[in-house]
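Participant: Copied straight from TrEMBL:
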{"type": "ACT_SITE", "residues": "113", "note": "active site"}
{"type": "ACT_SITE", "residues": "245", "note": "active site"}
{"type": "ACT_SITE", "residues": "275", "note": "active site"}
{"type": "DOMAIN", "residues": "107-184", "note": "domain 'Beta-ketoacyl-[acyl-carrier-protein] synthase III N-terminal'"}
{"type": "DOMAIN", "residues": "229-318", "note": "domain 'Beta-ketoacyl-[acyl-carrier-protein] synthase III C-terminal'"}
{"type": "REGION", "residues": "246-250", "note": "region 'ACP-binding'"}
Ligand code: ACO
């Protein structure tokens with residue numbers, strides 16, 4: 001059976017930047033509180049009229065270029081997002097049209113901050129079963145559109161952006177294993193309650209009990225890291241790079257401690273990007289590939305935790 005391998009990566013951040021000092025003017029907070037509790041210094045935000053698909057397209061074009069393939073070579077386009085441009089068509093279909101191709105399968109996947117790892121798992125399975133030779137996997141979010149900008153407990157945490165990878169069928173192992181989980185019993189800790197189905201369109205803003213989410217995230221990520229190593233018969237020392245979901249530097253440090261991994265081996269973008277939900281892992285991955293930190297042949301562990309709750313990991317031989 002074929003394996004799937006990362007052929008290329010790409011990412012994109014909108015040009016508008018909001019610093020912690022800017023936030024001091026909007027809500028009752030301080031730059032120091034935000035930095036000390038989260039590690040975030042600034043975040044990029046979309047401008048009026050800029051959408052999830054705009055970010056996805058820019059990241060996707062860069063990933064296709066890095067992979068050295070054309071959009072017409074794609075058999076699958078998968079977009080992980082919680083903030084699609086519209087209810088339908090899916091952002092993946094909108095993206096397909098922007099890329100100027102027709103016919104290949106295209107759909108969105110929603111698993112909030114774990115969305116990229118979920119999408120990577122699905123694309124990997126398409127390739128392993130022979131249903132696709134080339135897959136474009138994008139995480140793209142405009143979380144700024146679902147934030148209550150009067151709620152200091154949430155609006156300081158998130159940013160907008162997109163990241164993408166192109167996967168290709170390969171005889172050499174690339175994606176070694178993926179591990180997905182969910183527990184739908186924690187809705188009250190992290191949600192956007194508004195929706196069409198429940199008639200609460202006006203409540204389309206993130207609500208979070210941050211410290212309870214924090215505690216569960218740290219424990220759960222510790223477990224998923226152990227599960228991934230065990231499933232592959234590996235130990236901590238086999239991991240070259242941890243590319244974690246970027247929600248909070250303290251959560252990232254806790255997972256690195258669990259892996260006994262020095263922070264120099266952890267790709268951290270939370271200071272510059274904030275939490276970009278499903279975009280955070282491919283954004284961080286692309287940054288570390290492009291600046292030469294992550295090299296071909298190295299072992300990369302991705303892990304994420306988010307609303308649902310959903311959580312998961314992917315172990316990759318890059
Ligand atoms: N500025 C100043 N004070 C604030 C702010 C702010 N922006 N936000 C909250 N506070 C106050 C609170 O009101 C509270 O005050 P009180 O003690 O007088 O009641 C105090 O700071 C402490 O609040 P906590 O919530 O206990 O602070 P904590 O240290 O837990 O940090 C944080 C909060 C940063 C949100 C943290 O809990 C966290 O990162 N949680 C996890 C977030 C996460 O990982 N989410 C999952 C992914 S997101 C997704 O899937 C969509």
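Heads up, the Cβ atoms here are built off N, Cα and C, so glycines get one too.
Can you tell me where each of these features sits in the structure?
Facilitator: There are 31 other CB atoms within 10 A of the CB of residue 113 (active site), with all protein chains counted.
Within its own chain, residue 245 (active site) has 113, 114, 275, 280, 281, 303, 304, 305, 306 as residues 6 or more apart in sequence whose C-beta sits under 8 angstroms from its own.
In the three-state DSSP assignment, the secondary structure recorded for residue 275 (active site) is strand.
DSSP assignment over the domain 'Beta-ketoacyl-[acyl-carrier-protein] synthase III N-terminal' (107-184) gives 26 helix, 32 strand, 20 coil.
Across the domain 'Beta-ketoacyl-[acyl-carrier-protein] synthase III C-terminal' (229-318), the prediction's mean pLDDT works out to 97.
Long-range contacts of the region 'ACP-binding' (246-250) within the same chain, counting only residues at least 6 positions beyond its ends with a Cβ under 8 Å from a Cβ of the stretch, are 37-40, 113, 157, 214, 217, 268-271, 273-276, 280-281, 283-284, 305-306.
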Participant: Including all protein chains shown, what's the count of other C-beta atoms within 10 A of the C-beta of residue 275 (active site)?
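Facilitator: The answer is 23 other Cβ atoms.
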